């Protein structure tokens with residue numbers, strides 16, 4: 001019984017730790033959503049000679065360069081390029097078409113005014129989610145390494161299960177609120193930011209993976225609590241039944257003794 005309970009507690013601690021690592025990584029990274037943005041090509045110059053527009057009409061200097069697009073009203077999409085971007089809770093970063101590297105700006109500033117309250121609620125919920133995961137993880141570690149009796153272990157187990165379930169619910173709400181804010185920002189955000197195409201990134205997958213591990217940890221903890229209580233009650237029932245049988249036997253022996261006297 002003790003070995004099985006310890007194995008279940010160790011599994012719950014491992015799942016909770018994975019949920020905590022996944023959620024923290026997702027919270028600080030900027031790959032919740034990623035895709036491409038359709039932006040006009042910059043003008044050609046001394047420093048920019050590829051993927052640019054030539055407004056001067058000078059074809060001799062650039063006739064061998066296939067990446068230079070000569071400006072014309074009929075060129076359509078040839079006047080545009082697609083730059084990669086990725087967005088997180090805090091920042092949105094896009095490829096810098098005029099130089100190497102990326103440039104980032106605050107996603108909170110990009111969100112429409114009507115959605116800023118929901119976005120801040122999502123941020124607060126994510127923080128509370130991580131904090132409750134830490135509390136649940138601490139209680140599980142106490143139950144695993146410093147529990148001196150079965151009763152104390154059951155109390156810690158119950159509190160750990162409650163905190164883990166609450167954290168999972170908060171995490172689910174936070175992820176859904178952020179998804180709603182991003183979808184509204186795609187439609188109503190600044191013109192120079194709106195994506196041409198987008199999809200969910202690896203940070204988003206980590207966030208929901210964290211939620212899955214969190215709920216698995218809570219189920220494992222509740223299962224451990226339930227099994228321990230059932231086993232404890234079963235042993236107590238067997239003890240009480242044996243005690244009553246022994247008491248009845250002693251009473252009968254006493255009655256027999258007094259009758260013989």
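Placement of Cβ uses the backbone N, Cα and C atoms for every residue, glycine included.
Positions annotated as signal peptide by TrEMBL: 1-26. Here the signal peptide (1-26) has Cβ contacts under 8 Å with residues 32, 126, 129-130, 133-134, 136-137, 140-141, 143-144, 153, 157, 160, 164, 171, 203-204, 206-207, 209-214, 216-217, 220-221, 223-224, 227-228, 231 of the same chain, all six or more residues outside its ends.
Here TrEMBL flags 127-146 (among others) as transmembrane segment. Among residues of the same chain six or more beyond the transmembrane segment (127-146), those with a C-beta under 8 A of the stretch's C-beta atoms are 6, 9-10, 12-13, 16-17, 19-20, 23-24, 27, 153, 156-157, 159-160, 163-164, 166-167, 170-171, 174, 214, 217-218, 221.
If you look up TrEMBL, you'll see 158-180 (among others) marked as transmembrane segment.
The transmembrane segment feature in TrEMBL is assigned to 200-226 (among others).
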